[in-house]
Amino acid sequence: MEEAWLCQWSTIRSLFAILQWWSFNVTVIIMNKWIFQKLDFKFPLTVSCIHFICSAIGAYIAIKVLKVKPLISVDPQDRWRRIFPMSFVFCINIVLGNVSLRYIPVSFMQTIKSFTPATTVVLQWLVWRKYFDWRIWAALIPIVGGILLTSVTEMSFNMFGFCAALFGCLATSTKTILAESLLHGYKFDSINTVYYMAPFATMILAVPAMLLEGNGVLDWLHTHESISSSLIIIFSSGVMAFCLNFSIFYVIHSTTAVTFNVAGNLKVAVAVLVSWSIFRNPISMLNAVGCAITLLGCTFYGYVRHLISQQPPGTPRTPRTPRTPRSRMELLPLVNDKLDDTV
């Protein structure tokens with residue numbers, strides 16, 4: 001009886017964790033798009049900077065005041081030698097995501113972000129000559145094909161926004177790959193990651209934001225109607241951005257890897273549907289089919305990764321293989337494609 005109750009509670013907890021993760025993620029995306037499109041606040045660097053500031057304050061309160069998570073101690077030299085480079089790539093990743101959201105619809109942007117597994121695998125293969133099981137390469141085919149179909153049939157296509165989203169995938173992949181070497185020895189959760197990286201990211205982005213967008217922001221403040229309500233929405237998006245990081249920490253500890261992968265792809269579908277219902281951006285049938293193929297491909301890719309991680313170590317070498325992997329984990333790309341939208 002007690003075991004059955006614990007099983008039911010575990011299921012309810014996992015479902016709640018997924019739902020609150022979805023809610024915060026979709027809310028942040030929709031609020032950012034609303035800020036750019038409806039409030040006419042077309043300053044992605046400033047929005048990103050506000051998100052970093054709110055996230056830094058939120059992480060400090062969560063760790064230092066509320067003691068939600070113990071602070072992971074980092075050597076002062078490592079903060080500049082390891083954390084700062086990660087923060088720089090982290091900053092570029094978030095800025096490019098907001099820039100793409102400024103120019104292209106949410107549905108298109110979210111579909112392109114699903115390209116991250118492919119960019120990560122290719123980067124590791126080209127730069128590090130890392131071996132991958134042939135099933136990983138095969139699983140990337142529907143992802144690439146779906147994104148190509150979506151891009152060709154996108155009715156609101158914008159080259160600048162498309163390039164920003166695509167380079168955002170590269171930045172996410174670079175961040176993931178660098179994390180293995182730069183953060184070796186530190187077991188960061190999402191809250192500690194934000195605690196250390198958000199202040200650096202704010203410092204990196206503050207000057208460019210003021211130089212490139214400062215005059216525009218001042219003009220917007222003088223000409224825009226309903227300043228108070230608009231500023232509340234803008235800063236609320238920053239608060240929601242921190243809550244998204246906290247929700248990711250909760251969902252990782254409440255679900256299995258397979259559930260997390262499937263929920264991550266369904267989250268993209270929910271974001272696309274909600275954004276379409278609000279902004280009514282035109283979507284053709286082929287565009288919807290391309291988006292669906294991409295999401296199914298991401299789900300299949302996650303399933304393949306799970307299968308490979310469960311197999312016994314040792315894979316026979318083939319003539320086309322650069323070298324034999326030392327362990328089964330070397331068959332897997334260093335990517336967690338559902339965590340690339342934090343902050």
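Each residue, glycine too, has its Cβ placed from N, Cα and C.
TrEMBL has this to say about the protein:
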TRANSMEM  12-31  transmembrane segment
DOMAIN    16-301  domain 'Sugar phosphate transporter'
TRANSMEM  43-63  transmembrane segment
TRANSMEM  83-104  transmembrane segment
TRANSMEM  134-153  transmembrane segment
TRANSMEM  159-182  transmembrane segment
TRANSMEM  194-211  transmembrane segment
TRANSMEM  231-251  transmembrane segment
TRANSMEM  258-279  transmembrane segment
TRANSMEM  285-304  transmembrane segment
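In this chain, the transmembrane segment (231-251) lies out of contact with the transmembrane segment (285-304); the count of Cβ pairs under 8 Å, excluding pairs fewer than 6 apart in sequence, is fewer than 3. Taking every recorded stretch in 43-63, 83-104, 134-153, 258-279 and counting its Cβ pairs under 8 Å to the transmembrane segment (231-251), the highest total belongs to 43-63.
Comparison of 12-31, 83-104, 194-211 by number of C-beta pairs under 8 angstroms to the transmembrane segment (43-63) places 194-211 first. Two recorded stretches are said to be in contact when at least 3 C-beta pairs lie under 8 angstroms, sequence spacing 6 or more; the transmembrane segment (83-104) and the transmembrane segment (159-182) meet this definition.
Remote same-chain residues near the transmembrane segment (159-182) are listed as 82-83, 85-86, 89-90, 92-93, 96-97, 99-104, 108-109, 112-113, 115-116, 119-120, 123-124, 127-128, 151, 334-337, 340 (criterion: CB distance under 8 Å, separation of at least six residues from the stretch ends). For the transmembrane segment (12-31), same-chain residues at least 6 beyond its ends with a Cβ under 8 Å from one of its own Cβ atoms are 101, 106, 110, 233, 236-237, 240-241, 243-244, 247-248, 250-251, 253-255, 259, 263, 266-267, 270-271, 274-275, 278, 341. Proximity of distant same-chain residues to the transmembrane segment (134-153), defined by a Cβ-Cβ separation under 8 Å and at least 6 residues beyond the stretch ends, is recorded for 108, 111-112, 114-115, 117-118, 121, 162, 284, 286-287, 289-298, 300-301, 303-305, 307-308, 331-333. Same-chain residues lying 6+ beyond the ends of the transmembrane segment (194-211) with a Cβ under 8 Å from its Cβ atoms: 43, 45-46, 48-49, 52-53, 55-56, 58-60, 62-63, 71, 74, 79, 83-84, 86-88, 90-91, 94-95, 188, 242, 245, 342-343.
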